[in-house]
Amino acid sequence: MEAAAAMEAGRKLAARHPHGRSRTAHNMSSSSLRKKSDAALVRKVPVAPLRPVLANLQEVFLGTKLAVLFPAVPLAIAAQCFRFDQVWVFALSLLGLIPLAERVSFLTEQIALYTGPTVGGLLNATCGNATELIIAMFALVKGKIEVVKCSLLGSVLSNLLLVLGTSLFCGGVVNLGADQPYDRKQSDVSTGLLFLGVLCQSAPLLLRYAVAAGEHSVATAAASLDLSRACSFVMLASYVAYLFFQLKTHRQLFEPQEVDGGEGDAGDEEEPALGFASALFWLVLMTVVISVLSEYVVGTIEPTSQSWGLSVSFISIILLPIVGNAAEHAGAIIFALKNKLDITLGVALGSATQISMFVVPLSVLVAWIMGIQMDLDFKLLETGSLFIAVLVTAFTLQDGTSHYLKGVLLLLCYIVIGACFYVARQPAGQANSNGALLDVPTGSMSIKMSPEQNNIEDSKQCT
């Protein structure tokens, strides 16, 4: 049987890799939403060859508390095939992405049990935010640069303010009589990288305003693109250095402490539940399904925006990250309730760092390869919100202890930023970056911009 073979392989791997059971905070957070599979029904199947297959299917589809949301996946595909209202396709696709994202984390962890902690860490570094990356790639293919930028920015804001704020608030309320300490070293590393990311994303914006003010004279379009691509290489280089720091030289700083004991803790699952081939097959299949649903989300976001009366930027920055990351967000809150803030910080800060320093620059470089002029100019409101979010988070985590008021402050910051994007409205027909001529006021002058220049300016000035 495959299950018995997987358990035996797990014992051999545990003996071969003494650190093989060390797991990332991201995987441990997702594991809090998993549940043990009951093999009693599978044993009653009269056809013996079917039992391993059914056990495999049960582990993949029923081994999570989010299994109730799996029906949304075929419903979304059916709604698209039978041309239902686009709002239904959008909503069902978002719901279907929730369990799929959790299963990708589970399957990545299963593969990591066979490959060792270093390769497992690299898999998590690339697959940890697979949903955001796939949505960004499909939006790029369709030329919706604004959706790419807003969805990635929203993921960072959501992790720093909403997820971390909710976790600190809930953990502080439940543990009123107990101190909630955490290791500052991990948070210092992450916030340092996030500040570098803010600097790289602010540089094209500062250049644009410096040129508009007449302080410098450069070819704005070409200079902004060149600067953005150079900064993207810097961000990716810093992320590679961060991975080497996390997985090799200072691994002990990122290993969650005191996770043993307690029902449902991540330390229970030491042995693989799936074979390597099965885990790899299901990982590829889940990624394909996520790609299909992501294409539906990107294709229906504008009709949904018109139907709901919300701007595309609000849906991309607020709604997409909340729903798309619901699984790991719930896991982060659960561990905060258990007074395990190191895991919570590893999830929230780790995911924000991965998006900011890996997915964002990768999107710019992939767009370059595709011949799409995407830069790092996220515009003033978006860049300012990101800077404030990173600054507030850094100050909140500077003392190494937590209480519920810190969570309240982070949540209130998120509400204010969400209100900004809610009241902001984009001119009609400017959801993409290849719009028509746009008049942009600069002081007392009005500059008529061509579509090529409009690509660099993102053709999105809030009114």
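Including glycine, each Cβ sits where the backbone N, Cα and C put it.
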Which listed span TrEMBL calls transmembrane segment, if the choices are 22-47, 152-177: 152-177
Tally of residues which DSSP labels helix, strand or coil - the domain 'Sodium/calcium exchanger membrane region' (279-417): 115 helix, 2 strand, 22 coil
Candidate ranges 87-106, 189-207, 279-298, 343-368 - greatest C-beta contact count to the transmembrane segment (310-337) (under 8 angstroms): 87-106
In contact by Cβ distance (the transmembrane segment (404-424), the transmembrane segment (189-207); 3 or more pairs under 8 Å): no
Stretch-level contact, the transmembrane segment (380-398) and the transmembrane segment (152-177), CB cutoff 8 A, at least 3 pairs: yes
Same-chain residue ranges lying at least 6 outside the transmembrane segment (404-424) that approach it to Cβ under 8 Å: 157-158, 160-162, 164-173, 176, 310-311, 313-314, 317-318, 381, 385, 388-389, 392-393, 396, 462
